[in-house]
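Everything below concerns the one structure shown next.
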Amino acid sequence: MTVNPAHTALWPAPHASGAVDATVHVPGSKSVTNRALVLAALASEPGWLRRPLRSRDTLLMAAALREMGVGIEETVSSSSSVGGGSDGSGEAWRVIPAALHGPATVDVGNAGTVMRFLPPVAALADGPIRFDGDPRSYERPLNGVIDALRALGARIDDDGRGALPLTVHGGGALDGGPVAIDASSSSQFVSALLLSGPRFNQGVEVRHTGSTLPSMPHIRMTVDMLRAVGAQVDTPESGGEANVWRVTPGALLGRDLTVEPDLSNAQPFLAAALVTGGKVVIPDWPERTTQPGDKLREIFTEMGGSCELTEQGLEFTGSGAVHGIDVDLSEVGELTPGIAAVAALADSPSTLRGVAHLRLHETDRLAALTKEINELGGDVTETADGLSIRPRRLHGGIFHTYDDHRMATAGAIIGLAVDGVQIENVATTAKTLPDFPDLWTGMLGN
């Protein structure tokens, strides 16, 4: 194995010798953890996050909030750390709100939630907050948040880029009020404004003016979490105007929140059951959730598996056959890499639609999936808004990740069925799924 430099290290993706049969404890949800951190930081009293995800993205969020003055105390309870606590089961973070202030520098890494959720928070701080990050973060659009905050009264220096690096000159408060944005490139633009909205003097009314809004489950997650801490939110689903969300100004409560497992990160393990004709159990799968990953139950069942919610968790079983699928993934775009990997191993073609916005994610995921699967012998074509996948006999080779955690897990799925696949920079999975290689080999009994 090449170990130097680290980012070009090759990880031999384990090949499954038979059907998997495993219980996999998936760590907490990144999306829930980072929203909860923001809401707790803006609350009027301390709160707790239990079983938070400890990964690069969430540690960046915690570090950024600390930079602005928020207290975050991390504790681990050995009595509740099941199986060593690698799933975060014994961990709890106490968040102690404080007056937000600069000067401060925030490293966003390549975390969309950090780069988009925190500029509105910084506008409430007293003093300048500078945002910087990985080179790829400079290419990811922030204009939706920047333009909206300026319209609401914030002062931001970005040299006209509409992207990082930038500085928010916080004035200690923000007027807020109505604002129109085009969030068609990322639903995080809407969530970012809603999360801080209760602290704006007039609250906020966000009107989406663009084409189809992607990843709606993530906006529903934001709304649910706001309501859980006492915010009043009017939404299109609750009888409000289409594409308009209103948050009333008011104090947020400090809560004691237990973070759900990250269902999107359960995807490779469920895919392993599907691809090998085996069985995987994911404990603590919620009966009701706004996480996009819950859609996997329906999608992977259509592709040949079956699932049941039991007292043990979600029990997913493969049939030994993998079928192609024609599916609109606009609401669950983050699942695309894993679905594409399974589709490349199917017995019939697949069409994945509604995910043009993936070109703006951690990498251009559509171009990356096309290139990497085809270099293993596949037949994938980019369409205007997705991928067309015709299964072919695949062979081994290097699967590049482009510093994208979901590309790495997609390559691992293919490696189950194709001998000789090597994943470049599997360590990028630490962005949202720490210890992925150990969880993966543990599932296989290696």
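Numbers run from 1 along the shown chain.
Glycine residues also receive a Cβ, built from the backbone N, Cα and C atoms like all the rest.
What Swiss-Prot says about this protein:
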- Glu334: active site, proton acceptor (ACT_SITE)
- Lys30, Gly112, Arg140, Gln188, Arg365, Arg406, Lys431: phosphoenolpyruvate binding site (BINDING)
- Lys30, Ser31, Arg35, Ser186, Ser187, Gln188, Ser215, Glu334, His361: 3-phosphoshikimate binding site (BINDING)
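Sequence features annotated in Swiss-Prot and their locations in the structure.
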residue: Lys30; record: phosphoenolpyruvate binding site; DSSP class: helix
residue: Arg35; record: 3-phosphoshikimate binding site; DSSP class: helix
residue: Gly112; record: phosphoenolpyruvate binding site; DSSP class: helix
residue: Arg140; record: phosphoenolpyruvate binding site; DSSP class: coil
residue: Ser187; record: 3-phosphoshikimate binding site; DSSP class: coil
residue: Ser215; record: 3-phosphoshikimate binding site; DSSP class: coil
residue: Glu334; record: active site, proton acceptor; DSSP class: helix
residue: Arg406; record: phosphoenolpyruvate binding site; DSSP class: helix
residue: Lys431; record: phosphoenolpyruvate binding site; DSSP class: helix
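Calculated from their C-alpha atoms, the gap between Arg365 (phosphoenolpyruvate binding site) and the residue listed as 'active site, proton acceptor' amounts to 9 Å. Annotation for Gln188 (phosphoenolpyruvate binding site): same-chain Cβ neighbours under 8 Å, separated by at least 6 residues, are Gly112, Thr113, Arg116, Phe117, His218. Considering only the binding-site residues Arg140, Arg365, Arg406, the Cβ with the fewest other Cβ atoms within 10 Å is that of Arg140. For Lys431 (phosphoenolpyruvate binding site), the nearest neighbour among the listed recorded positions (Arg35, Ser187, Ser215, Glu334), judged by C-alpha distance, is Glu334. Distance from the CA of Arg406 (phosphoenolpyruvate binding site) to the CA of Glu334 (active site, proton acceptor) is 8 Å.
For the binding site of phosphoenolpyruvate, formed by Lys30, Gly112, Arg140, Gln188, Arg365, Arg406, Lys431 according to the record, the largest Cα to Cα distance is 19 Å, rounded to a whole number.
The two recorded residues, Ser215 (3-phosphoshikimate binding site) and Lys30 (phosphoenolpyruvate binding site), have Cα atoms 15 Å apart. Arg406 (phosphoenolpyruvate binding site) sits 19 Å from Ser187 (3-phosphoshikimate binding site), taking the C-alpha atoms as the reference points. The separation of Arg140 (phosphoenolpyruvate binding site) from Arg35 (3-phosphoshikimate binding site), Cα to Cα, is 20 Å.
For the pair formed by Lys30 (phosphoenolpyruvate binding site) and Ser187 (3-phosphoshikimate binding site), distance between Cα atoms is given as 16 Å, rounded to the nearest Å.
Residue density at Ser187 (3-phosphoshikimate binding site): 25 other Cβ atoms are found within 10 A of its Cβ, drawing on all protein chains shown.
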